[in-house]
Amino acid sequence: MRPLWLLTLLLALSQALPFEQKGFWDFTLDDGLLMMNDEEASGSDTTSGVPDLDSLTPTFSAMCPFGCHCHLRVVQCSDLGLKTVPKEISPDTTLLDLQNNDISELRKDDFKGLQHLYALVLVNNKISKIHEKAFSPLRKLQKLYISKNHLVEIPPNLPSSLVELRIHDNRIRKVPKGVFSGLRNMNCIEMGGNPLENSGFEPGAFDGLKLNYLRISEAKLTGIPKDLPETLNELHLDHNKIQAIELEDLLRYSKLYRLGLGHNQIRMIENGSLSFLPTLRELHLDNNKLSRVPAGLPDLKLLQVVYLHSNNITKVGINDFCPMGFGVKRAYYNGISLFNNPVPYWEVQPATFRCVTDRLAIQFGNYKK
């Protein structure tokens with residue numbers, strides 16, 4: 001059994017997302033943190049690449065900063081009131097946890113010698129300044145969590161090995177062109193909770209990125225940003241001030257399977273806008289100002305979940321969700337939420353939901369008066 005404290009630490013690092021994440025980017029115990037490079041280090045069969053933790057006798061590196069806990073290449077220095085990055089960190093460290101401290105600056109040599117570091121956690125500090133070469137030694141860094149700090153810009157010269165960047169809840173107002181240059185491995189960026197407006201994204205800001213996941217929630221967006229990566233599978237823009245979805249807004253995002261637009265001010269979705277999303281499986285439009293079900297849902301043959309609750313929908317047509325006629329192939333819905341709308345649910349014809357797996361998948365009632 002993996003040490004309980006280590007599991008607790010790693011699970012605590014993930015931040016709440018706008019709606020349920022089905023394991024796509026949840027931060028759990030990653031085997032990469034525990035990989036051993038030599039048999040002597042593990043004392044067990046290394047054919048699998050991961051040591052048998054049950055057979056290991058707990059050992060502590062001779063290099064462990066005062067007050068920190070060091071075990072199995074994990075250095076935990078959280079909640080210590082640290083003002084700076086501690087010294088005497090073992091060079092074979094793979095996870096360094098510095099969250100919940102008072103660090104205000106990352107200096108040039110703070111991470112010197114940590115060439116094996118895989119994950120760096122700096123959440124909830126007071127970081128406002130980062131030296132341009134602070135991350136240079138981190139040639140194997142894949143996960144950088146630097147949320148809930150005082151950053152006003154995205155750090156320069158991020159490691160090219162980086163896969164996941166969580167930089168939400170800072171003070172970033174601008175995403176300049178070239179800031180992500182060379183990050184060919186980047187897969188996930190979480191940058192919600194920053195005062196970003198549409199004008200803050202320079203043309204080409206995301207050039208070269210092949211992201212699967214992007215979240216820009218709880219910002220100041222009034223529309224869907226232009227020129228986001230075409231490779232996106234998940235795009236979360238909830239809790240903004242978006243008022244409308246125009247025809248060209250979703251044109252380049254044909255690979256999306258989850259789109260989050262809940263908690264905005266959307267009144268209008270232009271006809272045909274959703275036709276550019278042939279692989280869409282999950283659509284969140286709850287807590288907006290829609291007066292009708294968006295057009296085009298029956299044509300999205302893979303769509304299975306639609307959240308439309310807490311809008312101003314007054315009528316639901318018999319063909320709003322399902323294709324007309326019989327024999328038209330499409331995936332069955334397993335979730336449609338329409339509660340907290342002013343539509344009288346007793347007036348909706350049962351055939352409206354003929355392509356839903358089960359009546360329990362339909363959330364209706366609690367209509368607005």
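Cβ atoms here come from the backbone N, Cα and C positions, even for glycine.
Quick look at what Swiss-Prot annotates:
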SIGNAL    1-16  signal peptide
CARBOHYD  Ser42  O-linked glycosylation site
CARBOHYD  Ser48  O-linked glycosylation site
DISULFID  Cys64-Cys70  disulfide bond
DISULFID  Cys68-Cys77  disulfide bond
REPEAT    83-103  repeat 'LRR 1'
REPEAT    104-127  repeat 'LRR 2'
REPEAT    128-151  repeat 'LRR 3'
REPEAT    152-172  repeat 'LRR 4'
REPEAT    173-196  repeat 'LRR 5'
REPEAT    197-221  repeat 'LRR 6'
REPEAT    222-242  repeat 'LRR 7'
REPEAT    243-266  repeat 'LRR 8'
REPEAT    267-290  repeat 'LRR 9'
CARBOHYD  Asn271  N-linked glycosylation site
REPEAT    291-313  repeat 'LRR 10'
CARBOHYD  Asn312  N-linked glycosylation site
REPEAT    314-343  repeat 'LRR 11'
DISULFID  Cys322-Cys355  disulfide bond
REPEAT    344-369  repeat 'LRR 12'
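Structural mapping of features recorded in Swiss-Prot.
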residue	record	DSSP class
Cys64	disulfide bond	coil
Cys70	disulfide bond	strand
Cys77	disulfide bond	coil
Asn271	N-linked glycosylation site	coil
Asn312	N-linked glycosylation site	coil
Cys322	disulfide bond	coil
Cys355	disulfide bond	coil
For the repeat 'LRR 6' (197-221), find every same-chain residue at least 6 residues outside the stretch whose CB is under 8 Å from a CB in it, and list them.
17-18, 24-25, 168, 173-184, 186-191, 227-229, 231-242, 260
Of the recorded positions Asn271, Asn312, Cys322, Cys355, which one has its Cα closest to the Cα of Cys68 (disulfide bond)?
Asn312
Against which stretches of its own chain does the repeat 'LRR 8' (243-266) lie, if we need a Cβ under 8 Å and a gap of at least six residues from its ends?
18-19, 215, 217, 222-224, 227-228, 230-237, 272-274, 276-290, 302, 307
Across every protein chain in view, the count of C-beta atoms other than its own within 10 A of the C-beta of Asn271 (N-linked glycosylation site) is 11
Which one is closest to Cys322 (disulfide bond) in space, judged by CA to CA distance, out of the recorded positions Cys64, Cys70, Cys77, Asn271, Asn312?
Asn271
Residue counts for the repeat 'LRR 6' (197-221) under DSSP, helix then strand then coil, are 3 helix, 4 strand, 18 coil
Can you tell me which parts of the same chain pack against the repeat 'LRR 5' (173-196), counting only residues 6+ beyond its ends and a CB-CB cutoff under 8 A?
15, 18, 25, 142, 147, 152-154, 156, 158, 160-167, 202-221, 236, 239
Other parts of the chain folded back onto the repeat 'LRR 9' (267-290), taken as Cβ under 8 Å at six or more residues beyond its ends:
18-19, 238, 243-247, 249-261, 296-297, 299-313, 331, 337
The repeat 'LRR 2' (104-127), counted residue by residue under DSSP: helix, strand, coil:
0 helix, 5 strand, 19 coil
